[in-house]
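Presented below is the structure to which this report refers.
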Amino acid sequence: MIGLAATPEVSLADEPVRIRAWGLPPQTAITLRAWVRDEKGDIFHSRAFYQTDAEGKVDLEQSEATGGDFHGIYPMGLFWALKPTTPYRRLIKRDVMGSPFLVHLELYPSVLLVPSEDHLPAVTTVVERWYVAPGVQRLQVRDGRVRGALFLPPGAGPFPGVIDMFGMIGGLVEFRSSLLASRGFASLALAYFAYEDLPKFMPTMDLAYFEEAAQFLLRNPKVSGNGVGVVGVCKGAEIALCMASYLPQVQATVCINGTNAVNGNFLTYGNISMGAIPYQIHKVQLYSETMQFSSTLEDPMKLGCQDSVIPIERARGPVLFCVGDKDQNCESLFFANEALARARKKGKQNVYVRRYPGAGHLLEPPGSPFCPVSQSPIFPLPVIWGGELVPHCTAQETCWREMRDFLHSNLAPSTKSKL
């Protein structure tokens, strides 16, 4: 009898899954297919071809994919390669508490070049991919001006506190915070525009709002220490670096594929005001159906731009830049190296740049599908993010581990900064 198993059947979305098949003819080509339906009803799918061994078995931890969406030994390749049936969709978990993603795995005892409804799998199984561990609490946050969702790990704590922000997607994105809480952090998914009564657009970067968020987090009795960590990607990384440089509550910072200067939205904080480098919209690269923004961010060292460079040397704690060198939305490696050079010149040593070869802009938790291009809610055409499937998804595993280790080490009481 043909069998197909995926273990564990229920897991957190950042955990690996082992896929095995048996009971097949030896030395036979088969197809393994994965698919998942998101909360909007869109289907994401992937497939790969394998050759059974002499015993009629396939084990993705040892068996090589001979073709399909990827080639080689990649146990999580079917998850990495999930792509939308409707072009340019992005797989994002919105309801992190109420339900998992149900990933369907199917085995076909032949090479399935063009799938159709006439092709029926020999055997199927389903795995549950949760974005929150049992016992994690989600608290809706409406505190003064602060809007977001606070995720608390099970137990009395106290736990290291982290503020988590995304970029120009706007709204409230929770899946990274819920996973961070599942790994021992009190994590505040922070919205800063296009959510509830917040502005629909971001006219200025008012750091007082983000300071209120840090103060709110530190008031929680389950949050340890006298400082918080900040994680941000894209525009969120720019804000995170500003928070690190000006707010005394910020103790450790992770900037994922961001800039080292204030762009687009000028910064205010008390009596401090910093002008923004205008986006060079006339430099957007347009293709038949997509657009690329990497050329729209000016070199902050150019004449007239230097006053907008974020003073990283003022940061209380360490800063870790996580950058993909195939990022096509932002010259993130260049900006990270500029920040590092300024820090060194000003005598600040605890700034680190972690470069991930072949990775694009959207560095997300492990197991997340590779998304090289997707539609954005604020742009008229899909945006190119860049990267290559295998190195990008490999980088996601490494980045997630290094980011968590960095935060745990540097948010522990009375510890020196560590990478």
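Backbone N, Cα and C define each Cβ position, glycine as well.
What TrEMBL says about a protein is an automatic prediction, not a curated fact.
Since the structure is predicted, the reported quantities are computational estimates derived from the model, not experimental observations.
What TrEMBL says about this one:
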DOMAIN    205-412  domain 'BAAT/Acyl-CoA thioester hydrolase C-terminal'
ACT_SITE  CYS234  active site, charge relay system
ACT_SITE  ASP327  active site, charge relay system
ACT_SITE  HIS361  active site, charge relay system
The rounded CA-CA distance in Å from ASP327 (active site, charge relay system) to CYS234 (active site, charge relay system) is 11
Just the number: how many Å between the Cα atoms of HIS361 (active site, charge relay system) and CYS234 (active site, charge relay system)? 8
Would you mind listing, in sequence order, the residues at least six apart from CYS234 (active site, charge relay system) in the same chain with a Cβ closer than 8 Å to its Cβ? PHE166, GLY167, MET168, ILE256, ASN257, GLY258, ASN329, CYS330, HIS361
What mean pLDDT score does the domain 'BAAT/Acyl-CoA thioester hydrolase C-terminal' (205-412) have in the model? 96
